[in-house]
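Below is one structure, written out as structure tokens; the observations come after it.
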């Protein structure tokens, strides 16, 4: 905050230096505005990158303005002939002020200036829409273009025009220089510091999420996990229990920090600094932390599994059966639910102690990472007495032997898996011999009656699903410990190598700097020109799928010769002109000209200059948003910021009776408020930014008048107003500009959040389709025992694609959540927007993405089984699983196809095709039972890979359930191409059932009735 207030205060205070005041005369306050817009509170790398663009863009704006003013001067000379240099006076914007270089009105010069302003604002707005890194430079260039175009047609010599443009550019560069000095020398903040602080917060959030998970698991010992709350209550009921809400909130905070790190990490890796860790070390820490997050997200999905189960069975989630006995059941269905809940209570009580112990160990492991990496508080130095007392006790976080202790505790937890399995078997009347897991093929094992009914029996299927959920919890917690240990080893290695104790100069490599330079202009294309890859020293041809290549154009084939390749570049022009960015730029240019035209007419040119109408043009150029909701929100926020700043400017001036020293002190104090808003509440950035600019504009102008005098201050044509009049005038110009900007957002047709939400939903569905397809292929590659670690292997390329798609899908879903916040600012026209349905779809897509990543995580452990158990029986079981999976011939065509169809339907607004099918869940499990009945039997439940398969099955089932809900939601939005008709007769229900027919085929009503009646007789256990 101090830096954000200091830079503009220095710029305004310098005006009290006479030489400085004579150099900048009437545009001195622009120096302060540039110091504000430069955002000195940004980290060093971000600030320098933005500053480089600012300098380049301002230089280009200066050159373009000179060209524009040259054209206006030539247009004037061609229409009136040579003139004496303008000296102000009546009929000019300079009025009678001495030294003004303005001439009389000329229509030709004004027309040319108007054309140049339109083109400049259009180009600036298109560039701003292309990338967020051009937002701040675009604002500054817009100010340069508006000011130069306003005064340009009033000059009749190039000497006067070039002098004005040079002074304007000097003011810009002086503001940049002040901002740069303050940013680099006053409390310097590096991008590495920001990343390290965020990494520390990320690890702390991981600990909090793990502890919240344990609280939720402990609540399962006595609550109804299928209900939304602990006890029955009257009135509104929450969708989730407090424990679930707390856990979900922690995971959501993790996702926010992960997105922030992804945005800040590239800047930290490119930074030249004096530090300990290099760019690769920071990237490694983030990559391993992101890997730890995946099982945490999987644990948070446990409540979703229970919710889907309750929905599938038709149970009332607002009603809890916890504490009820079987005798209290009202019907058979409730009796089944009570029995299942009681079984889960017993299981969670058995799992409480080992799970609590492992949770504490993982939390200590994360604390160890914080201490050793110095991302958290330093470890307290022990005294000699404490060292003697700690001898023989367990190592503490930060000790060199703690990683070994952590691994031993994780392996001990893995051994408790047998205890959990025995508890489950004992609960379901399975009597296991003491050495059953060492000799699972022994013949004296007596299976209970329900196991002899066959693997496809409802009871057998339901109990297997319950077992899968138990293994799901154990698997995720153990993998969380395994991945935490991997990060601990990496951090310990950095410590042992001296990286964490030795300070050195960190310089990014040539490759990173080159990628950073190219990122300004080149959009990376993930394409491959050839299908050939050298995988093992021999020539191997690998045929990659179409998704690896550039997207095809249905109207053009690939260029085949030099002429086609050359002319293909011209198509980019048409693509740009027809893009949403071009449409946005055209709106901005039209809105700006709506006010600028007043400055180019004979009757109003002097009035527009006198009353500072160009500030309304500037507000239009810098405040327009792509959508109406954002524009209306920013409109209200900027007005609020201007009102507050106007009041603060009056307080600043009158509390010290206009004394310069006192005014500067209070200006410095009040500027802190704007910086505070920018830092603490970035969602209200328009308030903080416009507040600081308004303060600088009003106070800077009044101090400028105090220094130069009224006559010199009005030489630019702007009438002098005391501060109590200047403040309201400033507010009026801002309101006028913002109102016109909002009008052009909805005219000639509105670009609303509704349209953006629909397009974003379509993009998210398409990314999910891509991610599922890649995830599916990744799973089967791992099952086929293909090495994914070699960088030249197609499996490694597939893994990179999967991670990239996951990041894109996560970011798209987060953007949809952020976009939904603007819906409240949309002015409803016609029917109400179904915002709740969109929000529900976003939540369900996030759930699908979580379960997809969970399936990928589970499949990755097959490689660990191969490495950790090279000679164990688990290898034989895994080989059998691979063989049977190969014979099952599973594909992902239906899910990928359905998601792609839904994406296209939402994007185009067309109804869904009829009779879309979603594959049945657990299809792989059923096929495996058909091909090898013994593969998934109770004899193998302790196998190292069995838990992985169980997690894959749970995740696959939940993906299918979420898929059904997403399809129902999309169908509710766009409809379905269904021409069937239904005749309902209230006189005869049986006749009405038989009359439900389709124009294409007869609907199997009887089959639906039989299946619905049969569903009541399903298994008594967890479905």
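In case you wondered, yes, glycine gets a Cβ from its N, Cα and C as well.
TrEMBL lists 1-310 with the feature domain 'Putative ER transporter 6TM N-terminal'.
The transmembrane segment annotation in TrEMBL covers 31-48 (among others).
Here TrEMBL flags 55-75 (among others) as transmembrane segment.
Residues or ranges marked as transmembrane segment in TrEMBL: 108-127 (among others).
If you look up TrEMBL, you'll see 164-187 (among others) marked as transmembrane segment. Tertiary proximity for the transmembrane segment (164-187) is limited to same-chain residues at least six positions away from its ends with a CB under 8 Å from its CB atoms, namely 2-3, 6-7, 10-11, 14, 23-25, 27-28, 30-35, 37-38, 40, 42, 44, 47, 51, 54-55, 58-59, 62, 65-66, 69, 101, 140, 144, 147-148, 151, 155.
Residues annotated as transmembrane segment in TrEMBL: 581-601 (among others).
Residues or ranges marked as transmembrane segment in TrEMBL: 636-655 (among others).
TrEMBL lists 661-679 (among others) with the feature transmembrane segment. Among residues of the same chain six or more beyond the transmembrane segment (661-679), those with a C-beta under 8 A of the stretch's C-beta atoms are 1-6, 8-9, 12-13, 36, 39, 41, 645, 648, 651-653, 655, 685, 687-689, 691-692, 695, 699, 702-703.
As annotated by TrEMBL, transmembrane segment applies to 729-749 (among others).
Among the features that TrEMBL reports, domain 'DUF2421' is placed at 748-976.
If you look up TrEMBL, you'll see 991-1006 marked as compositional bias 'Basic and acidic residues'.
As annotated by TrEMBL, compositional bias 'Polar residues' applies to 1008-1023.
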If you count Cβ pairs under 8 Å, which stretch among 31-48, 55-75, 636-655, 729-749 touches the transmembrane segment (581-601) the most?
729-749
For the domain 'Putative ER transporter 6TM N-terminal' (1-310), would you mind checking the mean pLDDT of the predicted model?
87
